[in-house]
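Presented below is the structure to which this report refers.
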Amino acid sequence: MAEETIFSKIIRREIPSDIVYQDDLVTAFRDISPQAPTHILIIPNILIPTVNDVSAEHEQALGRMITVAAKIAEQEGIAEDGYRLIMNTNRHGGQEVYHIHMHLLGGRPLGPMLAHKGL
């Protein structure tokens with residue numbers, strides 16, 4: 001089994017966090033280092049280290065992450081103008097916490113997906 005992460009403690013409310021949504025499958029909270037006016041992390045309540053570790057048993061939680069993202073975008077007033085959902089996987093993908101999570105970013109034009117530094 002994977003090691004517990006800081007996100008596990010947020011789910012259990014053992015450490016302070018600005019939780020904007022929580023149910024039996026997912027938790028969503030504001031990022032402590034926001035990269036946009038709205039920057040919320042949406043995580044499954046079960047520890048799944050990376051996207052590579054996802055299996056069929058996780059489909060309900062992963063689907064809920066998407067529907068919760070849309071609901072939060074509406075509540076935050078960014079749904080109409082648009083927003084970005086990002087999941088990073090492993091070191092080259094930029095993953096820093098090994099508990100899969102989806103970034104919901106919006107509130108301003110976000111620019112290109114990747115910095116153009118060549119292939």
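Here the Cβ of each residue, glycine as well, is placed from N, Cα and C on the backbone.
The domain 'HIT' annotation in Swiss-Prot covers 6-115. On the 0 to 100 pLDDT scale, the model's mean across the domain 'HIT' (6-115) is 96.
Summarising the annotation, Swiss-Prot assigns GMP binding site to ARG30, ASP31, ILE32, ASN88, GLU96, VAL97, HIS101, MET102, HIS103 and lists experimental evidence as the type of evidence. Annotation for HIS101 (GMP binding site): spatial neighbours PHE7, LEU41, ILE42, ILE43, MET87, criterion Cβ-Cβ under 8 Å with sequence separation of six or more.
If one looks beyond the motif 'Histidine triad motif' (99-105) by at least 6 residues along the same chain, the residues whose Cβ comes under 8 Å of a Cβ in the stretch are 2, 5, 7-8, 28, 31, 35-36, 38-44, 47-51, 53-54, 65, 69, 72-73, 83-89. According to Swiss-Prot, the motif 'Histidine triad motif' annotation covers 99-105, on the basis of a curator's inference.
Under the heading active site, tele-AMP-histidine intermediate, Swiss-Prot lists HIS101, citing experimental evidence as support.
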DSSP-assigned states of the motif 'Histidine triad motif' (99-105) in counts, ordered helix, strand, coil = 0 helix, 4 strand, 3 coil
So which of the binding-site residues is most packed in, judged by how many other Cβ atoms lie within 10 Å of its Cβ, out of ARG30, HIS103?
-> HIS103
On a count of neighbouring CB atoms within 10 A, which of the binding-site residues ILE32, GLU96 is highest?
-> ILE32
